[in-house]
Every structure is written in C-alpha cells, then in structure tokens.
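Engineer: Before anything else, here's the structure in question.
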C-alpha cells in the first residue's frame, strides 16, 4: 500500500460516518511492539536488581541495603549481609556535584539514622555502642573510632547533622537542609540572598490556601470562557481588527513625523567646532536614513495589512460564525471540557513511570569503580547502554501518541455533532463513542501521526542539547547555523502538527488511512487557503487574548486577596505560581477550543464543496454557518448582477456607436448648408 494511498480511488467520495474499518494496522502492530520493548526495559531493571538498588539503596562497595549480597569480583567489602542495615547514610551529604547533580560522598548501609547532632568521635562511638549503628566504614571497629588514624577519611564529617530516613527510599536525609544551600543557590540563580529565598518560601507557605483558591478560580474562568466566547467573539474580533489597523496607521504616521522633524530640525550645529559639526552631521545622516527605512517598512507593512483586511473582511465573518458554533458544541458536548484533565492525567502517569524506569536504569548494569572517588557505581556497558536512548525515544513517541489520541477523540466527537442533522438524535455520550471508535479502528493512524512528529522533534532536541553544551565555545557561524536548524525544525513540527490534526479529522469523517486523510485534508486546506489564514491569524490571537484575560483576572484577584500581607516581597512567588498555573490551565482548555474550531472548519469546507443545499445535497451545517453561506451567496449574486449590467452597458454602447457617427455627420452637413445659405 502506497504511503499516500495510491492504491485507493483517485477521486475522494466523502461519506461522513457511513463506513468504518481499521486504519494503518501495521503501524498499530509496530507501536505495540515498541511499547512491549518499553515494558521489557522495566522488567530488565527489576530482574537485574536496578529497581531494588534504587528503592533500598546501596553503599559505595556495591552492597544493596536490607538484604544479603553476593561477592563482586575485585571489590573489597562487597558481598556483605546487610539484612539488619536498611538505611543509606552518606558520610558527607553536603558534598554535592552541582554539574552532575549527585552526591559525591561515600555511602554506607546503617541500621539507624542519627536523630541528634554528633559533634565528636566520642559521640560517634557512643551512638554505635547504644544503637548498634556504625557510621564509619565497615572495617573500622565502633569502640575504636576516637583513636583510629583512618577516622578522618572513613568516618562522617563532623559535626554529623541530625537526619531521618526518606519514606519509601531509605536514605538518611539531614533534617536541616541548610547544607544544600549551595545547591539551591545554583538552581535558583536569581536569588542572591538566602534571607530573600526564605521570605519567598515563607510567603508561599502562608498563602497556600489563597494559591489553591486562585488556581481553582483560573480553572473555573477557563471553563466559563469556553462557553461564553460564542457571545463575545464578534466584539473581540472586530475590536482586535480595528486596533491592529489603527495601531499600524498610528505607528506609520509617528515614524514619518519623526523623520520629517529630524530633517527639519535635526541639523542644528550652531556654536560647535568643525570636528563636532562633522561628527554630528554623520550621526544625523545615519539617523535620518534609519528613520526613513523604518518609515518605509512600516508603510509597506500597513499597506499590505490594509489590503489583507480588505480582501479577507468577508472571511472574518466565517471566523466569528465558527466561534459561535464551537460554543454551541461545548453546550451539546459538555464532556469535552474534561479532555484536558484526562490527557494531563494520562501524561502524568506515563511521565512518572518513565522517570522511575530511568532511575532504575541509573542503578542497573555492571559494577564499575570510579577512578576519581574509588567508589563503586553501576553502569550499563556494551549494547545495553543504548537502552537509555530507546527509553528516551519512548518518552517522545508515547507522549505525542497520548496528545494525538486527544486530538482524534475531540475530532471524532465534533464530526459526529456536525454531520448529525437532527441534534436531538446525537449519541448519549459522543465523547465515549469517539473514544471507542478510536480504540477499535484508528490507533494505528494515531501511532503513525505521532511517529512523524517524533522524527522531527528528536533531531530538534538533539540540536538544542548540542547548542547548550557548546554555549560559549562555538563560533558565531556555528551558533547561527544551529539556531537556524532548530528554528526550521520547530516550524516544520508546527506545520506537521496542524496537518496531523486535520488528518485525524479526515480519518474521523471517512475512516481512511493516515496518508490518505492527510492528502485529502491538505487539498481541502489549499482550496481554502485564505480562509485558513484568516481563522489561524484572527482566531489564534483571539484565543491568546482569552488566555491573557484569564491570567490578568486571576492575578488581579490574587493582588486583592494578598493585600493584607504588608510585606510586598512575599507576593512575588505566590503570584508567579498562580499566573503560571492559570496560563497553563487556560492554554489547555483553549487549545481544546482551537481544535474544535479547526475541525468545524474542515467539516464546513467539505460540506460546502460537496453540497449546495438542493434536494439530495442538503447542507449539514449549523444555522450560524448557513447564514454566513447565504450572505456570501447574496453578495456574490449582487456582484454578478453588477458585472452583467456593466457588460450590458458596454454592449449597448457598442451598438450605438454607428448611429452616433451618422448623427454627427448629418449635423456637420446641416451646419455647412446653413453657413452657405447665410
């Protein structure tokens, strides 16, 4: 089967919701095999002990805490029985490698974490004698700690801070995290004073109820906006259009005014030396040329913008109509508002699983002695080291697969709504019906579309990693080339995302394979290129304004609620958290609205292409879209009548020309006769 469905019929016959069949089955099988490989990696880490070493911890000699261990060849003090030693204790927990983000200290398995500060070696000996938990290396006897010469290297750094074990992960962690201040400063680079950091954290702790309330407010505002945007879309669109036009005209006018003012009054060089006058003349000439370039560029931009507005003014009405219908879709399909929650939950669960398996991989492999520290570490060697790359590809592909499932589910529900003439006969739960169709027929299509995005995203991520690693080392040409490649891949990814979304909608309509659906959707979009440009430009900006509205409303409410805290420095972190969360929530919800608008437009374009409202070819569209079509037809008929009248006038004028010439000649002859008689 050809990639673009060459074996199928060349002329597409759109038959919405009539036929259903499995699409892209080989890709579903490939994705299933890939997921089985991801599961095998998890099983491998569990069988080889990597999971146990992560959960229970291990010491610097390769022994897993809390169990009996086998001897590791070439590693002394390995193979010990640590059944009674269940906790990992670091001799110097504050010795953190900020670059590698790990503790460089020696680790031991102990039976009890020190719950109080130990200031001297006598305190270490007393703790070992009373609790049976020896905090120095295994070969040192607890009762001899104060007199042993090795105590400076193989015993904890004094004073030993009080600690307690982490839940699940049995690591002794200092109760006072002040020893991690250096690490915290490296992570939070914008904080130069620890007191500022403490005040910010204290502000978050004191305002946690307000933060939670504001996050709920952002959630409620996003859901309300999705419903009421149908009523305010016309106002928003025309206000936006007017502001853009007026802003462009005003900016162009100001630039020309500055240029003319500079030419008239910018050359005042009185009472200055000849050298200063020469320098000022050069600077003034350069400034004048720059202002001229800016003014001309602004003029060209304004003219192009006005022409676009002139030619696209009718299509703005389509954007308003689509927004109106999208609001009605959410009223008929209220479960659409739950899609962001379901998708976020699925992504969260998968990311947690992925991070756990990645941590398992970090403690899986063969024991290797670190040449710098002499400590035993576990590393994957040989072909097994590529398991991490396989796992990384799985992160991108499966994440994109989950997002694509959301797009296909929303597209299926909207297609069902659009192509059901009697809205009272809609399925009880169109969203659930769309999910069932996706699982039964179209998982292969989603797997293929998400894989294409993965092929573009992974090279971009690799180039971004290389760019970060070479920051400050590469020359300007290499830096420019890397940024250009990253930008091009980003643009390609965005274009493919948009095409994929429309391909999923075409699959939901006609149950065709991914490449066939992508081709059909691309043809429809090209035929309606100006409409697509209008909807994407104006619609996306209106939705962006909606996001800004939610963020500013939430931030304003936050300022009012936090007003009782007179230390205004404590406002910063709570407001940042609230604004970020509100923008994330607004983006998730309005992205669903954007998908609905795009799917509605594709359905509308198909409807108007293959139906004309005559018996047997009735439209499927909503009343608002029908009014837009009728107004467009009336305008077209008026334009056509005007053209016909012009043609008739031209033809009548052509017929009158011989008669006019005869009358003119007769008048001339009559005038000459009158002159002769006179």
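Using the three backbone atoms N, Cα and C, a Cβ is placed for every residue, glycine included.
Bear in mind that TrEMBL entries carry predicted annotations, made automatically and left uncurated.
Since this is a predicted model, take the numbers as computed values, not measurements.
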Engineer: Looking at 320-340, 341-361, 362-382, which one does TrEMBL call transmembrane segment?
Structural biologist: 341-361
Engineer: Pick from 170-189, 190-209, 210-229: which range does TrEMBL record as transmembrane segment?
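Structural biologist: TrEMBL lists transmembrane segment for residues 210-229.
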Engineer: Considering only the recorded stretches 25-47, 236-259, 291-311, 341-361, 571-604, state which has the highest number of Cβ pairs under 8 Å to the transmembrane segment (541-565).
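Structural biologist: The listed stretch sharing the most Cβ pairs with the transmembrane segment (541-565) is 571-604.
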Engineer: If contact means at least 3 Cβ pairs within less than 8 Å, sequence distance 6 or more, would you call the transmembrane segment (210-229) and the transmembrane segment (571-604) in contact?
Structural biologist: yes
Engineer: Quick check: do the transmembrane segment (341-361) and the transmembrane segment (236-259) share at least 3 Cβ pairs under 8 Å, counting only pairs 6+ apart in sequence?
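Structural biologist: These two stretches do not touch.
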Engineer: Does the structure show the transmembrane segment (25-47) and the transmembrane segment (389-419) touching, where I'm treating 3 or more Cβ pairs under 8 angstroms (sequence separation 6 or more) as a contact?
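Structural biologist: Answer yes: the transmembrane segment (25-47) meets the transmembrane segment (389-419) with 3 or more Cβ pairs below 8 Å.
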